[in-house]
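Annotated features in TrEMBL:
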- B:42-272: domain 'ABC transmembrane type-2' (DOMAIN)
- B:39-66: transmembrane segment (TRANSMEM)
- B:72-89: transmembrane segment (TRANSMEM)
- B:139-160: transmembrane segment (TRANSMEM)
- B:166-183: transmembrane segment (TRANSMEM)
- B:195-217: transmembrane segment (TRANSMEM)
- B:245-266: transmembrane segment (TRANSMEM)
Amino acid sequence: MSEIKEEIMIRAKGLRKTYGDFVAVDGIDFEVKKGESFGLLGPNGAGKSTTMRMIASTSLRSGGELEILGKDPNHFGPEIRAHLGVVPQQDNLDRELKVWENLMTYGRFFGLKGKWLKAKVDELLEFAQLEEKRNTKTDELSGGMKRRLTIARGLVNEPEIFMLDEPTTGLDPQARHILWDRLFRLKELGVTLVITTHYMDEAEQLCDRLVVMDKGKIMAEGSPAALIKQYSSKEVLEVRFGSENNKSASEKLKGVGDRLEVLPDRILVYSEDGEKALEQITKMGLHPITSLVRRSSLEDVFLRLTGRTLVD
Amino acid sequence: MSAVQDNWTGAKTLVDPRVPMRWGAFYVAEFRIRNMLKWVSAIIAFGLGNPVLYLLSIGIGIGSMIKNPIDGVPYLTFLAPALLATAAIQGAMDEVTFPTIEGFVWTRVFYSMNNTAISSRQIVDGVMIAAMTRCLLQVLLYELILVLFGAIPLASIATLTVASLLAGWGFAAVMLSVTVFIKDDDGFFAIVGRFILAPMFMFSGTYFPLTSLPIWLQWIGWISPVWHSTDLGRALSYGHQVEPWLLIVHVLYLGALGVVGMLTAYPQFRKRLAE
(Lines of atoms letter the chains of each structure in order from A and count residues from 1; the text may use other names and numbers.)
(Lines give C-alpha, C1' and ligand atoms only; values in the text may rest on other atoms or scores of the structure.)
Protein backbone atom coordinates (compact mmCIF):
# COMPACT_ATOMS: atom_id res chain seq x y z
CA MET A 1 0.00 0.00 0.00
CA SER A 2 2.58 2.55 1.09
CA GLU A 3 4.25 4.08 -1.85
CA ILE A 4 7.77 5.38 -1.36
CA LYS A 5 7.73 8.74 -3.01
CA GLU A 6 10.97 9.57 -4.70
CA GLU A 7 12.26 12.87 -3.53
CA ILE A 8 12.56 15.42 -6.32
CA MET A 9 15.65 17.58 -5.74
CA ILE A 10 15.42 19.78 -8.81
CA ARG A 11 12.36 20.61 -10.84
CA ALA A 12 12.52 22.94 -13.84
CA LYS A 13 9.57 23.84 -16.00
CA GLY A 14 9.77 26.16 -18.97
CA LEU A 15 13.00 27.51 -17.44
CA ARG A 16 14.33 30.52 -19.34
CA LYS A 17 17.24 32.89 -19.12
CA THR A 18 17.72 35.84 -21.43
CA TYR A 19 20.39 38.52 -21.60
CA GLY A 20 18.76 41.39 -23.51
CA ASP A 21 17.78 39.87 -26.85
CA PHE A 22 19.98 36.84 -26.41
CA VAL A 23 18.21 33.72 -25.22
CA ALA A 24 20.68 31.58 -23.28
CA VAL A 25 18.19 29.02 -21.98
CA ASP A 26 14.99 28.66 -23.94
CA GLY A 27 12.28 27.00 -21.89
CA ILE A 28 13.64 23.69 -20.63
CA ASP A 29 11.91 21.05 -18.49
CA PHE A 30 13.61 18.44 -16.37
CA GLU A 31 13.56 16.81 -12.97
CA VAL A 32 16.34 15.30 -10.90
CA LYS A 33 15.65 12.79 -8.17
CA LYS A 34 17.55 12.25 -4.94
CA GLY A 35 20.69 10.20 -5.37
CA GLU A 36 20.59 10.49 -9.11
CA SER A 37 23.55 11.49 -11.20
CA PHE A 38 22.31 13.89 -13.83
CA GLY A 39 24.33 15.17 -16.77
CA LEU A 40 24.00 18.25 -18.92
CA LEU A 41 25.74 17.83 -22.25
CA GLY A 42 25.99 20.21 -25.15
CA PRO A 43 28.41 22.20 -27.26
CA ASN A 44 29.83 25.51 -26.03
CA GLY A 45 27.12 28.12 -25.72
CA ALA A 46 24.34 25.54 -25.41
CA GLY A 47 23.23 27.05 -22.09
CA LYS A 48 24.65 24.40 -19.75
CA SER A 49 26.57 26.74 -17.46
CA THR A 50 23.71 29.22 -17.35
CA THR A 51 21.40 26.38 -16.35
CA MET A 52 23.92 25.30 -13.72
CA ARG A 53 24.08 28.79 -12.25
CA MET A 54 20.31 28.97 -12.08
CA ILE A 55 20.20 25.61 -10.27
CA ALA A 56 22.97 26.88 -7.98
CA SER A 57 20.48 29.62 -7.05
CA THR A 58 22.78 32.49 -7.87
CA SER A 59 21.71 33.48 -11.37
CA LEU A 60 18.06 34.55 -11.38
CA ARG A 61 15.82 33.03 -14.04
CA SER A 62 14.05 35.20 -16.60
CA GLY A 63 11.02 32.96 -16.83
CA GLY A 64 9.49 29.59 -16.09
CA GLU A 65 9.49 27.69 -12.85
CA LEU A 66 12.35 26.33 -10.82
CA GLU A 67 12.37 24.46 -7.55
CA ILE A 68 15.53 23.34 -5.80
CA LEU A 69 15.20 21.17 -2.68
CA GLY A 70 11.52 22.03 -2.78
CA LYS A 71 12.12 25.79 -2.64
CA ASP A 72 12.00 28.64 -5.12
CA PRO A 73 15.52 30.11 -5.48
CA ASN A 74 14.07 33.56 -6.19
CA HIS A 75 12.90 33.71 -2.61
CA PHE A 76 15.07 31.25 -0.72
CA GLY A 77 18.50 31.68 -2.29
CA PRO A 78 20.64 31.48 0.88
CA GLU A 79 18.56 28.65 2.38
CA ILE A 80 18.98 26.55 -0.76
CA ARG A 81 22.63 27.42 -1.32
CA ALA A 82 23.44 26.44 2.26
CA HIS A 83 22.80 22.83 1.19
CA LEU A 84 24.43 22.87 -2.24
CA GLY A 85 27.99 22.22 -3.28
CA VAL A 86 29.17 24.09 -6.35
CA VAL A 87 32.23 23.59 -8.53
CA PRO A 88 32.16 26.42 -11.06
CA GLN A 89 33.67 26.11 -14.51
CA GLN A 90 36.30 28.72 -13.70
CA ASP A 91 38.26 28.23 -10.48
CA ASN A 92 37.54 31.15 -8.16
CA LEU A 93 39.92 30.47 -5.32
CA ASP A 94 41.60 33.22 -3.38
CA ARG A 95 45.16 33.47 -4.67
CA GLU A 96 46.75 34.95 -1.57
CA LEU A 97 45.38 32.53 0.99
CA LYS A 98 47.04 29.21 1.69
CA VAL A 99 45.45 26.02 0.46
CA TRP A 100 43.96 25.12 3.85
CA GLU A 101 42.75 28.69 4.38
CA ASN A 102 40.75 28.53 1.16
CA LEU A 103 38.92 25.48 2.49
CA MET A 104 38.53 26.93 5.98
CA THR A 105 37.12 30.31 4.93
CA TYR A 106 34.76 28.65 2.47
CA GLY A 107 33.45 26.43 5.25
CA ARG A 108 32.91 29.49 7.42
CA PHE A 109 30.55 30.90 4.78
CA PHE A 110 28.18 28.08 5.75
CA GLY A 111 28.44 29.04 9.39
CA LEU A 112 30.47 25.92 10.21
CA LYS A 113 32.47 26.02 13.42
CA GLY A 114 36.23 26.37 13.34
CA LYS A 115 36.94 23.28 15.39
CA TRP A 116 34.76 21.03 13.25
CA LEU A 117 36.20 22.60 10.12
CA LYS A 118 39.74 21.78 11.16
CA ALA A 119 39.03 18.06 10.86
CA LYS A 120 37.02 18.61 7.70
CA VAL A 121 39.87 20.48 6.06
CA ASP A 122 42.12 17.46 6.66
CA GLU A 123 39.59 15.17 5.03
CA LEU A 124 39.22 17.47 2.06
CA LEU A 125 42.97 17.82 1.62
CA GLU A 126 43.14 14.05 1.50
CA PHE A 127 40.25 13.99 -0.98
CA ALA A 128 42.07 16.43 -3.25
CA GLN A 129 45.42 14.74 -2.59
CA LEU A 130 46.86 18.05 -1.56
CA GLU A 131 48.01 17.16 1.97
CA GLU A 132 51.55 18.20 1.15
CA LYS A 133 50.40 21.51 -0.28
CA ARG A 134 48.39 22.45 2.80
CA ASN A 135 50.53 25.50 3.58
CA THR A 136 51.26 26.52 0.02
CA LYS A 137 49.99 29.84 -1.26
CA THR A 138 47.15 28.90 -3.59
CA ASP A 139 48.56 30.99 -6.42
CA GLU A 140 51.53 28.65 -6.57
CA LEU A 141 49.50 25.50 -7.31
CA SER A 142 49.42 23.96 -10.77
CA GLY A 143 46.22 24.20 -12.80
CA GLY A 144 45.22 20.64 -11.99
CA MET A 145 45.83 21.15 -8.28
CA LYS A 146 43.69 24.28 -8.27
CA ARG A 147 40.95 22.33 -9.96
CA ARG A 148 41.15 19.58 -7.36
CA LEU A 149 41.06 22.15 -4.59
CA THR A 150 37.98 23.79 -6.08
CA ILE A 151 36.27 20.41 -6.28
CA ALA A 152 37.14 19.51 -2.69
CA ARG A 153 36.03 22.94 -1.50
CA GLY A 154 32.54 22.26 -2.88
CA LEU A 155 32.16 19.37 -0.44
CA VAL A 156 32.92 21.30 2.73
CA ASN A 157 29.24 21.53 3.74
CA GLU A 158 28.49 17.90 2.79
CA PRO A 159 26.01 19.07 0.14
CA GLU A 160 22.74 17.39 -0.77
CA ILE A 161 23.29 18.33 -4.40
CA PHE A 162 26.85 18.47 -5.69
CA MET A 163 27.11 20.46 -8.90
CA LEU A 164 30.16 20.20 -11.09
CA ASP A 165 30.57 22.37 -14.19
CA GLU A 166 33.18 20.71 -16.39
CA PRO A 167 34.99 19.33 -13.35
CA THR A 168 37.73 17.44 -15.13
CA THR A 169 38.82 20.03 -17.67
CA GLY A 170 42.53 20.45 -16.96
CA LEU A 171 42.88 17.23 -14.96
CA ASP A 172 45.22 14.46 -16.02
CA PRO A 173 43.77 10.98 -16.67
CA GLN A 174 44.83 9.70 -13.23
CA ALA A 175 43.08 12.53 -11.43
CA ARG A 176 40.04 12.08 -13.65
CA HIS A 177 39.66 8.43 -12.74
CA ILE A 178 40.19 9.10 -9.06
CA LEU A 179 37.51 11.77 -9.19
CA TRP A 180 35.07 9.43 -10.93
CA ASP A 181 35.62 6.87 -8.21
CA ARG A 182 35.06 9.43 -5.47
CA LEU A 183 31.97 10.88 -7.07
CA PHE A 184 30.59 7.37 -7.27
CA ARG A 185 31.11 6.95 -3.55
CA LEU A 186 29.35 10.23 -2.84
CA LYS A 187 26.46 8.99 -4.91
CA GLU A 188 26.32 5.90 -2.75
CA LEU A 189 25.90 8.21 0.24
CA GLY A 190 22.79 9.60 -1.39
CA VAL A 191 24.34 12.79 -2.75
CA THR A 192 22.66 14.00 -5.92
CA LEU A 193 25.11 14.89 -8.67
CA VAL A 194 24.63 17.38 -11.48
CA ILE A 195 27.46 17.40 -13.97
CA THR A 196 28.33 19.12 -17.21
CA THR A 197 31.15 17.78 -19.30
CA HIS A 198 32.63 17.75 -22.77
CA TYR A 199 33.98 14.25 -22.28
CA MET A 200 31.47 11.70 -23.45
CA ASP A 201 33.27 8.82 -21.77
CA GLU A 202 32.91 10.73 -18.53
CA ALA A 203 29.20 11.23 -19.07
CA GLU A 204 28.78 7.54 -19.84
CA GLN A 205 30.70 6.64 -16.70
CA LEU A 206 29.06 9.05 -14.32
CA CYS A 207 25.54 9.86 -15.41
CA ASP A 208 22.45 7.78 -14.75
CA ARG A 209 20.53 10.13 -16.91
CA LEU A 210 21.41 13.08 -19.06
CA VAL A 211 20.06 15.73 -21.35
CA VAL A 212 21.71 16.95 -24.52
CA MET A 213 21.28 20.70 -24.92
CA ASP A 214 21.80 22.84 -27.98
CA LYS A 215 21.05 26.53 -28.43
CA GLY A 216 19.29 26.73 -25.09
CA LYS A 217 16.95 23.84 -25.74
CA ILE A 218 16.91 20.19 -24.69
CA MET A 219 17.42 17.98 -27.75
CA ALA A 220 17.21 14.59 -26.05
CA GLU A 221 16.92 13.04 -22.63
CA GLY A 222 17.57 9.58 -21.24
CA SER A 223 20.15 7.22 -19.83
CA PRO A 224 23.36 6.92 -21.86
CA ALA A 225 22.35 3.45 -23.03
CA ALA A 226 18.83 4.52 -23.99
CA LEU A 227 20.13 7.52 -25.89
CA ILE A 228 22.57 5.37 -27.82
CA LYS A 229 19.79 2.97 -28.61
CA GLN A 230 17.47 5.71 -29.73
CA TYR A 231 19.84 7.91 -31.70
CA SER A 232 22.52 5.55 -32.88
CA SER A 233 22.94 1.93 -33.87
CA LYS A 234 24.56 -0.73 -31.77
CA GLU A 235 27.80 -0.61 -33.71
CA VAL A 236 29.65 1.73 -36.01
CA LEU A 237 31.84 0.66 -38.92
CA GLU A 238 34.41 3.23 -39.91
CA VAL A 239 35.85 2.78 -43.39
CA ARG A 240 38.41 4.87 -45.26
CA PHE A 241 38.86 4.90 -48.99
CA GLY A 242 41.20 7.85 -49.10
CA SER A 243 39.85 11.36 -48.97
CA GLU A 244 39.28 11.59 -52.75
CA ASN A 245 37.36 8.35 -53.04
CA ASN A 246 35.16 8.55 -49.95
CA LYS A 247 32.43 10.46 -51.73
CA SER A 248 32.16 8.15 -54.74
CA ALA A 249 32.39 5.05 -52.53
CA SER A 250 29.59 6.35 -50.36
CA GLU A 251 27.26 6.38 -53.41
CA LYS A 252 27.75 2.66 -53.74
CA LEU A 253 27.35 2.02 -50.02
CA LYS A 254 23.78 3.25 -49.93
CA GLY A 255 21.64 0.59 -48.30
CA VAL A 256 24.44 -0.82 -46.18
CA GLY A 257 23.67 -0.49 -42.46
CA ASP A 258 20.97 1.74 -40.99
CA ARG A 259 22.53 5.05 -41.83
CA LEU A 260 25.65 6.46 -43.45
CA GLU A 261 27.64 9.51 -42.53
CA VAL A 262 30.27 10.77 -44.93
CA LEU A 263 33.09 12.69 -43.29
CA PRO A 264 36.04 14.21 -45.15
CA ASP A 265 38.40 11.45 -44.02
CA ARG A 266 36.11 8.45 -43.53
CA ILE A 267 32.65 7.03 -43.87
CA LEU A 268 30.68 5.94 -40.82
CA VAL A 269 28.28 3.07 -41.30
CA TYR A 270 25.80 2.82 -38.44
CA SER A 271 24.74 -0.79 -38.16
CA GLU A 272 23.52 -3.40 -35.71
CA ASP A 273 26.36 -5.66 -36.82
CA GLY A 274 29.52 -3.95 -38.00
CA GLU A 275 31.34 -7.06 -39.16
CA LYS A 276 28.40 -8.04 -41.29
CA ALA A 277 28.30 -4.61 -42.89
CA LEU A 278 31.99 -4.86 -43.68
CA GLU A 279 31.44 -8.27 -45.26
CA GLN A 280 28.69 -6.76 -47.37
CA ILE A 281 31.03 -4.02 -48.53
CA THR A 282 33.84 -6.38 -49.55
CA LYS A 283 31.32 -8.52 -51.38
CA MET A 284 30.42 -5.46 -53.40
CA GLY A 285 34.01 -5.42 -54.56
CA LEU A 286 34.97 -2.37 -52.53
CA HIS A 287 38.19 -2.51 -50.61
CA PRO A 288 38.60 0.16 -47.95
CA ILE A 289 42.15 1.14 -47.03
CA THR A 290 41.33 0.74 -43.36
CA SER A 291 38.26 -0.42 -41.51
CA LEU A 292 37.29 -0.42 -37.87
CA VAL A 293 34.27 -1.80 -36.08
CA ARG A 294 33.43 -0.27 -32.72
CA ARG A 295 30.54 0.00 -30.35
CA SER A 296 28.38 3.04 -30.74
CA SER A 297 29.08 5.65 -28.09
CA LEU A 298 27.51 8.70 -26.56
CA GLU A 299 29.80 10.75 -28.75
CA ASP A 300 27.95 9.48 -31.82
CA VAL A 301 24.66 10.53 -30.26
CA PHE A 302 26.06 13.90 -29.28
CA LEU A 303 27.43 14.65 -32.75
CA ARG A 304 24.26 13.50 -34.40
CA LEU A 305 22.11 15.74 -32.23
CA THR A 306 24.28 18.83 -32.14
CA GLY A 307 26.04 18.60 -35.50
CA ARG A 308 29.69 18.47 -36.39
CA THR A 309 30.26 22.13 -37.12
CA LEU A 310 32.21 24.17 -34.63
CA VAL A 311 30.15 26.52 -32.53
CA ASP A 312 32.74 29.07 -31.58
CA MET B 1 42.85 10.14 9.00
CA SER B 2 39.34 9.47 7.83
CA ALA B 3 38.08 9.88 4.31
CA VAL B 4 35.37 12.32 3.31
CA GLN B 5 32.70 9.66 2.97
CA ASP B 6 33.38 8.08 6.39
CA ASN B 7 31.81 10.80 8.53
CA TRP B 8 29.20 12.06 6.12
CA THR B 9 26.35 13.76 7.98
CA GLY B 10 24.87 15.70 5.09
CA ALA B 11 24.13 19.40 4.81
CA LYS B 12 20.51 18.91 5.81
CA THR B 13 21.47 18.31 9.43
CA LEU B 14 24.96 19.80 9.33
CA VAL B 15 24.22 23.30 8.03
CA ASP B 16 21.62 25.53 9.61
CA PRO B 17 21.06 28.31 7.05
CA ARG B 18 19.94 30.71 9.75
CA VAL B 19 23.49 30.93 11.11
CA PRO B 20 25.16 32.27 7.95
CA MET B 21 22.06 34.33 7.17
CA ARG B 22 22.61 36.15 10.44
CA TRP B 23 26.42 36.26 10.66
CA GLY B 24 27.46 36.09 7.00
CA ALA B 25 28.75 39.66 6.85
CA PHE B 26 31.23 38.85 9.59
CA TYR B 27 32.39 35.71 7.78
CA VAL B 28 33.09 37.83 4.73
CA ALA B 29 34.93 40.35 6.90
CA GLU B 30 36.91 37.51 8.47
CA PHE B 31 37.88 36.33 4.99
CA ARG B 32 38.91 39.83 3.94
CA ILE B 33 40.93 40.41 7.12
CA ARG B 34 42.66 37.06 6.69
CA ASN B 35 43.57 38.24 3.21
CA MET B 36 44.75 41.61 4.52
CA LEU B 37 46.95 39.89 7.09
CA LYS B 38 49.07 38.66 4.18
CA TRP B 39 50.06 42.32 3.76
CA VAL B 40 49.93 43.38 7.37
CA SER B 41 53.59 44.32 7.62
CA ALA B 42 53.22 46.54 4.56
CA ILE B 43 50.04 48.07 5.98
CA ILE B 44 51.76 48.85 9.28
CA ALA B 45 54.96 50.11 7.67
CA PHE B 46 52.93 52.37 5.42
CA GLY B 47 50.65 53.35 8.27
CA LEU B 48 53.62 54.50 10.36
CA GLY B 49 55.95 55.68 7.61
CA ASN B 50 53.44 57.88 5.85
CA PRO B 51 52.63 60.11 8.85
CA VAL B 52 56.29 60.36 9.83
CA LEU B 53 57.22 61.57 6.35
CA TYR B 54 54.29 63.97 6.23
CA LEU B 55 54.96 65.43 9.62
CA LEU B 56 58.65 65.86 8.97
CA SER B 57 58.25 67.49 5.58
CA ILE B 58 55.05 69.48 5.74
CA GLY B 59 54.31 69.68 9.43
CA ILE B 60 57.79 70.58 10.62
CA GLY B 61 59.47 71.67 7.38
CA ILE B 62 56.79 74.02 6.15
CA GLY B 63 55.42 74.54 9.63
CA SER B 64 58.72 76.04 10.79
CA MET B 65 58.23 78.86 8.29
CA ILE B 66 54.78 79.58 9.66
CA LYS B 67 55.56 81.50 12.81
CA ASN B 68 52.07 82.83 13.51
CA PRO B 69 49.55 80.42 14.88
CA ILE B 70 46.86 79.39 12.40
CA ASP B 71 43.35 79.33 13.76
CA GLY B 72 44.89 80.04 17.13
CA VAL B 73 47.01 76.88 17.26
CA PRO B 74 50.43 75.72 15.99
CA TYR B 75 50.48 74.66 12.33
CA LEU B 76 50.96 70.98 13.20
CA THR B 77 47.84 70.96 15.37
CA PHE B 78 45.89 72.72 12.64
CA LEU B 79 47.12 70.19 10.08
CA ALA B 80 46.56 67.02 12.13
CA PRO B 81 42.79 66.49 11.62
CA ALA B 82 43.22 66.93 7.86
CA LEU B 83 46.03 64.39 7.69
CA LEU B 84 43.92 61.96 9.69
CA ALA B 85 40.91 62.36 7.43
CA THR B 86 43.14 61.82 4.40
CA ALA B 87 44.70 58.69 5.88
CA ALA B 88 41.32 57.30 6.87
CA ILE B 89 39.91 57.84 3.39
CA GLN B 90 42.95 56.33 1.71
CA GLY B 91 42.96 53.26 3.93
CA ALA B 92 39.25 52.57 3.67
CA MET B 93 39.25 53.18 -0.07
CA ASP B 94 42.07 50.74 -0.74
CA GLU B 95 40.15 48.01 1.04
CA VAL B 96 36.94 48.48 -0.91
CA THR B 97 38.17 49.21 -4.45
CA PHE B 98 40.85 46.54 -4.90
CA PRO B 99 38.83 43.74 -3.27
CA THR B 100 35.78 44.63 -5.33
CA ILE B 101 37.59 44.46 -8.66
CA GLU B 102 39.34 41.33 -7.44
CA GLY B 103 36.07 39.78 -6.32
CA PHE B 104 34.26 40.40 -9.57
CA VAL B 105 37.08 40.24 -12.11
CA TRP B 106 40.52 39.09 -11.02
CA THR B 107 39.78 36.04 -8.89
CA ARG B 108 35.96 36.16 -9.04
CA VAL B 109 35.97 35.26 -5.38
CA PHE B 110 32.67 37.12 -4.80
CA TYR B 111 31.02 34.54 -7.02
CA SER B 112 32.40 31.76 -4.87
CA MET B 113 31.07 33.45 -1.72
CA ASN B 114 27.70 33.83 -3.41
CA ASN B 115 27.69 30.09 -4.15
CA THR B 116 27.42 29.53 -0.42
CA ALA B 117 24.73 30.80 1.91
CA ILE B 118 26.28 34.28 1.70
CA SER B 119 24.12 36.97 0.08
CA SER B 120 25.23 39.90 -2.04
CA ARG B 121 24.28 42.28 0.75
CA GLN B 122 26.48 40.40 3.21
CA ILE B 123 29.39 40.65 0.79
CA VAL B 124 28.96 44.44 0.69
CA ASP B 125 28.71 44.64 4.47
CA GLY B 126 31.62 42.27 5.03
CA VAL B 127 33.94 44.13 2.69
CA MET B 128 32.99 47.37 4.45
CA ILE B 129 33.51 45.96 7.94
CA ALA B 130 36.98 44.77 6.95
CA ALA B 131 37.77 48.10 5.26
CA MET B 132 36.74 50.00 8.37
CA THR B 133 38.88 47.71 10.51
CA ARG B 134 41.87 48.59 8.37
CA CYS B 135 40.79 52.24 8.44
CA LEU B 136 40.67 52.20 12.24
CA LEU B 137 44.12 50.63 12.44
CA GLN B 138 45.52 53.21 10.06
CA VAL B 139 43.95 56.10 12.00
CA LEU B 140 45.24 54.80 15.34
CA LEU B 141 48.76 54.42 13.99
CA TYR B 142 48.59 57.94 12.59
CA GLU B 143 47.36 59.30 15.91
CA LEU B 144 50.17 57.55 17.71
CA ILE B 145 52.68 59.41 15.56
CA LEU B 146 50.77 62.68 15.92
CA VAL B 147 50.84 62.36 19.70
CA LEU B 148 54.55 61.57 19.63
CA PHE B 149 55.17 64.68 17.52
CA GLY B 150 53.11 66.70 19.95
CA ALA B 151 50.64 67.61 17.23
CA ILE B 152 47.55 66.57 19.12
CA PRO B 153 46.75 66.06 22.79
CA LEU B 154 46.06 62.53 23.92
CA ALA B 155 42.58 63.58 25.03
CA SER B 156 41.45 64.39 21.51
CA ILE B 157 42.07 60.89 20.14
CA ALA B 158 38.55 59.61 20.63
CA THR B 159 36.84 62.51 18.88
CA LEU B 160 39.39 62.68 16.06
CA THR B 161 38.99 58.94 15.49
CA VAL B 162 35.25 59.33 15.12
CA ALA B 163 35.58 62.28 12.75
CA SER B 164 38.05 60.52 10.48
CA LEU B 165 36.32 57.13 10.50
CA LEU B 166 33.13 58.87 9.45
CA ALA B 167 34.96 60.33 6.45
CA GLY B 168 36.55 56.98 5.64
CA TRP B 169 33.20 55.23 5.72
CA GLY B 170 31.39 57.89 3.67
CA PHE B 171 33.96 57.96 0.93
CA ALA B 172 34.51 54.19 0.88
CA ALA B 173 30.78 53.58 0.56
CA VAL B 174 30.61 55.90 -2.44
CA MET B 175 33.64 54.20 -3.99
CA LEU B 176 32.05 50.80 -3.40
CA SER B 177 28.96 51.83 -5.32
CA VAL B 178 31.16 53.02 -8.21
CA THR B 179 33.68 50.19 -8.30
CA VAL B 180 30.95 47.58 -8.74
CA PHE B 181 30.55 48.82 -12.32
CA ILE B 182 34.19 48.24 -13.27
CA LYS B 183 34.57 45.42 -15.79
CA ASP B 184 38.34 45.59 -15.69
CA ASP B 185 40.89 47.98 -14.20
CA ASP B 186 40.92 50.13 -17.38
CA GLY B 187 42.90 52.90 -15.72
CA PHE B 188 40.20 53.28 -13.09
CA PHE B 189 42.68 53.75 -10.27
CA ALA B 190 44.72 56.29 -12.20
CA ILE B 191 41.62 58.36 -12.95
CA VAL B 192 40.38 58.23 -9.38
CA GLY B 193 43.83 59.09 -8.05
CA ARG B 194 44.44 62.04 -10.34
CA PHE B 195 41.04 63.60 -10.79
CA ILE B 196 39.31 62.83 -7.53
CA LEU B 197 41.76 62.10 -4.73
CA ALA B 198 44.46 64.64 -5.58
CA PRO B 199 42.17 67.71 -5.83
CA MET B 200 40.15 66.48 -2.88
CA PHE B 201 43.22 66.25 -0.67
CA MET B 202 44.57 69.62 -1.81
CA PHE B 203 41.50 71.85 -1.88
CA SER B 204 39.71 70.74 1.26
CA GLY B 205 41.20 73.17 3.72
CA THR B 206 43.89 70.61 4.34
CA TYR B 207 47.01 72.78 4.45
CA PHE B 208 45.29 76.16 4.88
CA PRO B 209 41.78 77.26 5.84
CA LEU B 210 39.24 76.66 3.10
CA THR B 211 38.17 80.30 3.32
CA SER B 212 41.53 81.47 2.01
CA LEU B 213 40.68 79.92 -1.37
CA PRO B 214 38.76 82.00 -3.93
CA ILE B 215 35.06 81.27 -3.65
CA TRP B 216 34.97 79.51 -7.05
CA LEU B 217 37.36 76.86 -5.71
CA GLN B 218 35.73 76.48 -2.32
CA TRP B 219 33.00 74.22 -3.68
CA ILE B 220 35.55 71.41 -3.90
CA GLY B 221 35.81 71.57 -0.14
CA TRP B 222 32.06 71.73 0.34
CA ILE B 223 31.53 68.44 -1.43
CA SER B 224 34.72 66.87 -0.12
CA PRO B 225 34.48 64.47 2.81
CA VAL B 226 38.01 65.55 3.72
CA TRP B 227 36.88 69.09 4.47
CA HIS B 228 33.80 68.04 6.43
CA SER B 229 35.84 65.64 8.51
CA THR B 230 38.72 68.08 8.95
CA ASP B 231 36.48 70.94 10.03
CA LEU B 232 34.70 68.61 12.42
CA GLY B 233 38.00 67.28 13.76
CA ARG B 234 39.39 70.78 14.29
CA ALA B 235 36.31 71.83 16.22
CA LEU B 236 36.43 68.72 18.38
CA SER B 237 40.18 68.55 18.97
CA TYR B 238 41.26 72.15 19.68
CA GLY B 239 38.06 74.16 19.74
CA HIS B 240 38.17 75.62 16.24
CA GLN B 241 35.19 78.00 16.06
CA VAL B 242 32.36 76.54 14.03
CA GLU B 243 28.67 77.39 13.94
CA PRO B 244 26.77 74.59 15.69
CA TRP B 245 24.56 74.07 12.61
CA LEU B 246 27.66 73.51 10.51
CA LEU B 247 28.86 70.79 12.87
CA ILE B 248 25.55 69.03 12.33
CA VAL B 249 25.91 69.49 8.58
CA HIS B 250 29.36 67.86 8.71
CA VAL B 251 28.06 64.79 10.49
CA LEU B 252 24.95 64.57 8.33
CA TYR B 253 26.89 65.01 5.09
CA LEU B 254 29.42 62.29 5.90
CA GLY B 255 26.66 60.02 7.16
CA ALA B 256 24.62 60.67 4.03
CA LEU B 257 27.56 59.76 1.80
CA GLY B 258 27.85 56.48 3.67
CA VAL B 259 24.16 55.66 3.61
CA VAL B 260 23.64 56.61 -0.03
CA GLY B 261 26.80 54.75 -1.05
CA MET B 262 25.76 51.57 0.72
CA LEU B 263 22.17 51.75 -0.53
CA THR B 264 23.46 52.15 -4.10
CA ALA B 265 26.00 49.37 -3.72
CA TYR B 266 23.54 46.73 -2.43
CA PRO B 267 21.35 46.41 -5.54
CA GLN B 268 24.32 46.75 -7.88
CA PHE B 269 26.17 43.92 -6.17
CA ARG B 270 23.03 41.85 -6.25
CA LYS B 271 22.49 42.55 -9.93
CA ARG B 272 26.04 41.76 -10.95
CA LEU B 273 26.15 38.51 -9.00
CA ALA B 274 22.76 37.35 -10.31
CA GLU B 275 23.61 37.80 -13.99
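The backbone N, Cα and C atoms fix where each Cβ goes, and this holds for glycine too.
Where the annotation comes from TrEMBL, it is an automatic prediction and has not been curated.
On a predicted model such as this, the values are computed, not experimentally measured, just so you know.
With pairs at least 6 apart in sequence, the transmembrane segment (B:139-160) and the transmembrane segment (B:195-217) have fewer than 3 Cβ pairs within the 8 Å limit; the two do not touch. Residues 120-121, 124, 128, 166-167, 169-177, 180, 225, 228-229, 231-232, 235 of the same chain, all 6+ positions outside the transmembrane segment (B:245-266), place their C-beta atoms under 8 angstroms from a C-beta of that stretch. Highest Cβ contact count with the transmembrane segment (B:139-160) among the listed stretches B:39-66, B:72-89, B:166-183 falls to B:72-89 (criterion: pairs under 8 Å).
Distant neighbours of the transmembrane segment (B:39-66): 74-76, 79, 83, 87, 91, 134, 137-138, 141-142, 144-146, 149, 151, 207; these residues of the same chain sit at least 6 beyond its ends, with a Cβ under 8 Å from one of its Cβ atoms. Beyond its flanks by at least six residues, the transmembrane segment (B:166-183) meets 85, 88-89, 91-93, 95-97, 100-101, 104-105, 124, 127-128, 131-132, 135, 139, 192, 225-226, 228-229, 232, 251, 253-262, 264-265, 268-269, 272 of its own chain at Cβ-Cβ distances under 8 Å.
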